[in-house]
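The structure appears below as structure tokens.
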Amino acid sequence: EEAMPSAWPCCDECGTCTRMIPPRCTCMDVSPSGCHPACKNCVQTTLGGRDVFWCMLRIENFCKRRCTPAR
């Protein structure tokens, strides 16, 4: 499920985080329609044979808030 968050930063699938306080994390979320406008490093890649976009920033508390409700 790809979701374009309205409030940013948010992340459903957290990547790696630093040990700093607060932690600076990457997010593994991808979207077929592009990154959030605030993302300054949006990369287009292929996943499962389709083009997707991934924000490759390391942001403080990136994984603190989900973009979509937890299941």
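Positions of Cβ are set from backbone N, Cα and C atoms, glycine also.
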For this session: Just choose from Cys63, Cys67 the cysteine that Swiss-Prot connects to Cys14 via a disulfide.
Result: Cys63
For this session: Have a look at the disulfide-bonded residues (Cys17, Cys25, Cys27, Cys35, Cys63) and report the one with the fewest Cβ neighbours inside 10 Å.
Result: Cys17
Seminar exercise, completed: Here the Cα-Cα span from Cys67 (disulfide bond) to Cys42 (disulfide bond), rounded to a whole number of angstrom, reaches 17
Exercise. So what sits near Cys11 (disulfide bond) in its own chain, CB-to-CB under 8 Å and at least six residues off in sequence?
Worked result: Cys25, Cys27, Met28, Asp29, Phe62, Cys63, Arg65, Arg66, Cys67
Seminar exercise, completed: argmin Cα dist to Cys35 (disulfide bond) over the disulfide-bonded residues Cys14, Cys17, Cys55 returns Cys55
